[in-house]
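Before I ask anything, let me first share the structure, which is written out below as structure tokens.
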Ligand code: SF4
Ligand code: SF4
Ligand code: SF4
Ligand code: SF4
């Protein structure tokens, strides 16, 4: 397995190969020739108030407020959380649910901002150009303030990933410039055009993590990007610990665990994270956003998005504010050349279909793909699994896709987990090669969300059981107290009976009353 | 002949007594099967199974006195889980599963009579006498027990709105045609 591949470039680094993977037409030429463009602002921006994995943010603005560019409009509510900033100056005309980029096509709270066109910046924090002398906590706080999240698609808050645990040391920082999915070229263009800026971000992350080595992995179908990065690196003093590593083009080499394997030969443990083996992985776009935050004091409010596919008149990369509706992006690329068969958010392998073109882009949206009918042919009816085993041959995580399929299809959610379902990265290699066109990944996604939902239900019913038991116990206690009260009253009544034995309580009461009356009479006569 | 009959009868009587004795002597406190069943039930405490709560249904199931398809909130998934646990054949649900809902008290109408509080098995309603009552959405199990007792009919069940956190990928609609067993090598070329 550990056969060193001879890279085409001059790099002498030994590379490893991950299991499986597939070669698919990369379709990058559609969009990678033009430079990144900044189109005019859309008329309305729908800014989702949660654009990260973790605790949702708390809105800081109200309808009618005027906001400035870069002003925080939602603050983080937990450690794993991130703020959202206004992408331009203007007025908040609504805060309401709007479709967001999510496979469900459902809506989530968004701030609808009508730009005033002035692009007036809010007061920004000072640049931290002298960061090597500063407390790392201060720099991390800045990155957190800027709302930087993983821009390769996972949208995990970056400041959290840059906070190494005290128990383990991070030795290697891997910068992911592989961009292995077909069609997508935003990282390619970013590396070609802003290599120096990316390296600034890398230097900051290197400082924060105190790693020994930084490896920047780029697939060798992007020679211009590799050259640009190498050129930029030569002009810095980072050469001592940084290396640009061209890697063979093989989907999905940009998967976090796959890239780690290629560059270091190490395997991330099952259901573990790279930090466990001393590695942190960051995307090139994220590095650029970190540089913006630390060196310019700018929050993450815009990103480069690839707008491509053969249904688009003039595919290209656009740098647009977060919240820009996808239909605006498509209009800026000359609109549709023909009616698309499918509108996809992300790439053709791991992306999901968009139902509404009014959906805005978020910090994690790297590609909008409008596929023409010839690019997305109807897969036809799925046929029976012929147990050919090809799916297992190509699975980059060495799973048994066929077995997972059988169990997911039978809705056997326990058995399917025995096959490490949660290690599946949903790369789609298995479904791509399946001769029976079985939508394998759909089964895995179904099984994963179903298992989560059941766990949640289970927690909820535990809670209900506890509350029910508590109520039962309380009722019982109240009943006992009531009984105790009654008993006491009875005892109090029965008390005279024990002294005047033989008489019944009524008689005793009457006798007592008579005595009292007699006593009163005597005292009355006495006083008279 | 007679001796044989007597001997067998004596044996039967002996074992009967022995079994009866050990049933009493070695009786296990509680009922582990009922506990296991109870841990599968949704704990809605709604009584739709015809029992006054989940625990009684679990006990009835443990004794084998009940069908496994009586719990509406549990639905098909529960029937499968129970069939698995009890080694019984899965049975179809007799009624359709209902949409998950929570109770909602109309603040305009509520007179603060506390009857819904008394009815709620999980204390999901807060409020005091003569004060407005409200439902804790996170605790409400949707059992509907509070709807009936309200004298001014101000409680209604509202479906929980689907949101991104609760959303699940659907079971694939495109099912393989033909049986997966003995599949023809039609498309492998
Ligand atoms: S590739 Fe498809 S047909 Fe072959 S074993 Fe896997 S699921 Fe079955
Ligand atoms: S989608 Fe999952 S099972 Fe299929 S090849 Fe990728 S990692 Fe393996
Ligand atoms: S029907 Fe209601 S009370 Fe009966 S087991 Fe199901 S949730 Fe519990
Ligand atoms: S609030 Fe009503 S529906 Fe909800 S758990 Fe209590 S009694 Fe049941």
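Glycine too: its Cβ is placed from the backbone N, Cα and C atoms.
Computed from a predicted structure; not experimentally measured.
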Determine which of B:120, B:154 appears in TrEMBL for the same [4Fe-4S] cluster 3 site as B:140, B:143, B:146.
B:120
Looking at B:1-23, B:24-46, which one does TrEMBL call region 'Hydrophobic'?
B:1-23
Output: those binding-site residues from B:110, B:113, B:116, B:120, B:140, B:146 whose CB lies less than 6 Å from an atom of ligand 3, in sequence order; none if no residue fits.
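Listed by sequence, the hits amount to none.
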Tell me, what is the mean pLDDT of the domain '4Fe-4S' (B:29-88)?
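Within the domain '4Fe-4S' (B:29-88), the model's average pLDDT equals 84.
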Report the residues of the chain - excluding B:120, B:140, B:143, B:146 - with C-beta within 8 Å of the mean position of the site's C-beta atoms, for the recorded [4Fe-4S] cluster 3 site, in sequence order.
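After dropping the recorded site residues, what remains is B:103, B:116, B:119, B:121, B:122, B:124, B:125, B:135, B:141, B:142, B:144, B:145.
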Would you mind sorting out which binding-site residues among B:54, B:113, B:120, B:146 put a C-beta under 6 angstroms from ligand 4?
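List returned for ligand 4: B:120, B:146.
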Using the Cβ center of B:46, B:49, B:54, B:71 as the [4Fe-4S] cluster 1 site position, which other residues in that chain lie within 8 Å, going by their Cβ?
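Residues close to the [4Fe-4S] cluster 1 site, other than B:46, B:49, B:54, B:71: B:41, B:42, B:44, B:45, B:47, B:48, B:51, B:53, B:57, B:70, B:72, B:73, B:74.
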Taking the centroid of the Cβ atoms of B:110, B:113, B:116, B:150 ([4Fe-4S] cluster 2 site), which other same-chain residues have Cβ within 8 Å of it?
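Along the chain, the qualifying residues are B:105, B:111, B:112, B:114, B:115, B:133, B:146, B:149, B:151, B:152, B:154, B:155.
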